[in-house]
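> Got a structure here, written out as structure tokens. Questions coming.
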């Protein structure tokens with residue numbers, strides 16, 4: 001694995017791609033459950049990918065035997081099952097593909113390829129400050145595995161198990177309203193503290209999750225780093241707050257993509273580059289992300 | 001059953017003018033990156049050849065996202081030839097590609113015949129490419145597509161490249177013209193070894209609520225299963241009208257699709273959008289083609305090319321059910 005600090009240029013011939021150990025395979029649905037309004041958790045029996053995938057990485061899922069939808073769709077790892085042969089994803093129904101996915105039942109088959117992309121950076125030293133994980137909506141899903149890895153509670157892929165952090169990770173979780181808040185218990189029961197913010201005040205803080213972040217960035221113990229995933233305006237605001245506070249921040253982007261492994265050049269994002277005419281260049285999120293150091297990104 | 005000797009393995013080799021291929025399964029430019037992206041998933045040495053993403057004289061940033069959008073049984077793209085330029089291609093990608101053990105068909109796009117010719121010469125000089133494919137048909141940038149719109153334009157580009165380099169030449173043509181055979185004929189007479197048919201069909205996806213096109217660049221190029229009948233029709237029309245090897249392209253994702261293009265007159269095919277939706281498909285099609293030919297008792301790909309007969313009238317239909325795929 002080239003890891004989360006892959007250089008911001010095209011990999012050279014001898015440099016491994018982030019998907020060097022990717023496979024294309026058929027997986028069997030183990031379980032599907034509704035976890036919030038329009039929001040589902042899908043468990044997939046797939047030993048090859050379960051054994052390889054790391055927090056922050058993703059996979060492409062396609063419904064077999066169909067021309068429509070034609071392409072796969074990217075989904076982040078939610079967590080790997082305790083038996084190590086299955087993993088879960090979370091998704092929210094937003095269109096044609098996700099509507100069809102709600103019809104999947106145990107025993108159905110789906111096509112997968114992965115693991116893809118670079119995951120979150122490895123957990124910091126155990127005595128560093130806590131990791132803050134700032135999520136918007138379905139952007140909470142990558143943080144269950146990320147949090148459990150920081151707690152030393154689970155090992156993923158070839159990264160192995162990390163020493164438990166002296167500071168448990170904290171999830172700051174923003175959603176539109178209480179009915180969209182999914183599986184807080186799944187986080188808290190595993191030792192990840194959760195603070196919720198809702199736009200309408202129906203649960204937790206009434207307002208934006210970035211308001212929770214601003215408060216937390218200036219409290220003790222001082223955060224060692226911030227990981228964020230969610231709508232782009234939210235991540236842009238998170239990045240700005242972190243920069244002002246001098247806390248390193250990584251953003252996991254959700255760019256639309258056709259292939260997931262660098263062939264289609266559709267998932268490009270603007271990455272700062274001093275020698276480019278505009279000061280940035282388009283880079284493939286699937287190969288150089290989806291997790292980027294936030295300060296390297298040009299947000300709209 | 002009396003034991004019989006295994007029939008000989010079918011001969012998959014094909015020739016596109018001066019270019020010889022081990023089998024007819026190629027991958028389409030712009031759908032296979034620079035091949036390295038597929039290395040974890042496909043045994044690249046088994047393919048007939050690879051056509052890497054189009055390269056231009058200078059680096060190009062490409063179009064603003066969204067660059068692709070799925071449409072029914074297809075996708076629209078407007079990538080805008082995002083690439084790092086021909087110097088980078090020759091220094092960085094060609095050395096990798098030349099070691100893959102498969103034919104390398106470098107795809108180039110310039111804004112004038114001279115630019116095409118200079119790039120072809122530079123690629124030949126760098127070594128490692130087995131042929132040049134001329135992208136005179138990209139719908140998403142101004143430049144190359146204009147040359148592919150007329151017989152004179154296509155001939156001018158092919159002639160210039162033919163004079164500047166000795167590599168076999170494939171001219172990749174646009175379907176967005178009234179008369180593809182006349183453009184194909186001009187390209188062949190100017191010295192193209194083969195024509196690739198077809199690039200994408202221009203199309204538009206819109207969001208009526210926002211009153212805006214979905215793609216960042218507005219109009220894009222349509223590919224995928226949705227265009228297969230259109231591509232087959234053009235391959236067939238050109239094969240009937242022009243004596244030039246054809247590389248068929250458009251919506252191919254199964255071995256039946258491959259065989260349909262072959263019988264319509266294509267000597268080889270390019271798998272495109274299917275590479276995105278089914279990354280291992282290209283390698284699988286090579287195996288599936290050999291298996292399908294063995295099963296049918298067909299000895300060589302060359303013996304299949306252009307064997308499509310005239311349409312049968314309803315009264316004359318008497319073919320055994322096994323040779324017909326029902327749509328019911």
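Placement of Cβ uses the backbone N, Cα and C atoms for every residue, glycine included.
In TrEMBL, annotation is done automatically, which means it is predicted and not curated.
Note that this is a predicted model, so its numbers are computed, not measured.
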> Quick check on the annotation: TrEMBL has A:259, A:264, A:267 binding [2Fe-2S] cluster, so which of A:229, A:242, A:286 does it put in that site too?
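The record-listed residue among the candidates is A:286.
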> Listing the binding-site residues A:259, A:264, A:286, which lie under 8 Å (Cβ to Cβ) from chain B?
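Among the binding-site residues A:259, A:264, A:286, the ones whose Cβ sits under 8 Å from a Cβ of chain B are A:259, A:264.
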> What number of additional C-beta atoms lies within 10 angstroms of the C-beta atom of residue A:264 ([2Fe-2S] cluster binding site)?
28
> Does DSSP put residue A:267 ([2Fe-2S] cluster binding site) in a helix, in a strand, or in coil?
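In three-state terms, residue A:267 ([2Fe-2S] cluster binding site) counts as coil.
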